[in-house]
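Undergrad: Heads up, here are the entries from TrEMBL:
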type     : residues : note
COMPBIAS : 91-111   : compositional bias 'Gly residues'
DISULFID : 58-72    : disulfide bond
DOMAIN   : 134-318  : domain 'NodB homology'
REGION   : 91-118   : region 'Disordered'
């Protein structure tokens, strides 16, 4: 029998190696080097373009080129244009704050500080468990994917809520794809929570501060295009968030969510009963549970087991924000 302590002890190792099995993250430098100059004024990781370098336009957090504070200030995407109005930035020049970053040299990025930090849940700190009693927070990473719609149907059937930590480009079509944008809207409309899992699922300890920022702000742009707002909650891929990562998340105003119950569903797709047993033996009134909606066996078998097992024990299935006592208006920014 696996104890709660041993299950927690497996978290980092399992997610690190498990995620490596699931997918191979595309290095941000590779992504950025593929960007073409915009022809319609859009930019950023969510749109696939960079602003014209000769005009020193900034790529805003919303994915549009411009040269005012709205574009060059908070959330400016330094790898897709300048981040100093009238100054030099982007790739190969010096500008803004932050030193080395982007692709191929000194990339300028303004400090996107100044974001409000409402509520009592700490920002820039790692959180592993719920603080509200009598609840379980199911979380699903790495989507949206082809099984996500089925999972949403199941959650609706049982009146359960969950949190989806999404990527911009990981499994299947990018999050900017029309069907994935629809899934994001459906998640929010049905009372679930959307959190950030970075644009391309890299190990954040391998990135510069500027590139960590771009991983986050590129995804903000794509999520905002679907639901008109972007998350204040994130989960670092592989649970990898050292000092540089926590500093960036504090600056950007993110709560860093890990977990205290790992179902190991990625490792047990051929024998999902193992993951069902792990859940049953370790679920508790403050469990923050890790699973993945990119695996068919998780959606088809494990998810219903977790829902029924929790409800049979009198535990409410809620979002991460609710399990931390955070009002819903604090889960996103606009």
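Even glycines carry a Cβ here, placed using N, Cα and C.
Distances, neighbours, how buried they are, the whole picture for these features please.
TA: Mean predicted confidence for the domain 'NodB homology' (134-318): the pLDDT average there is 97.
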Undergrad: Hey, does DSSP put residue 72 (disulfide bond) in a helix, a strand, or just coil?
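TA: In three-state terms, residue 72 (disulfide bond) counts as helix.
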Undergrad: Neighbour count first, Cβ atoms within 10 Å, every protein chain included; then name which of 58, 72 tops the list of disulfide-bonded residues.
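TA: Compared across 58, 72, the most Cβ atoms within 10 Å surround 58.
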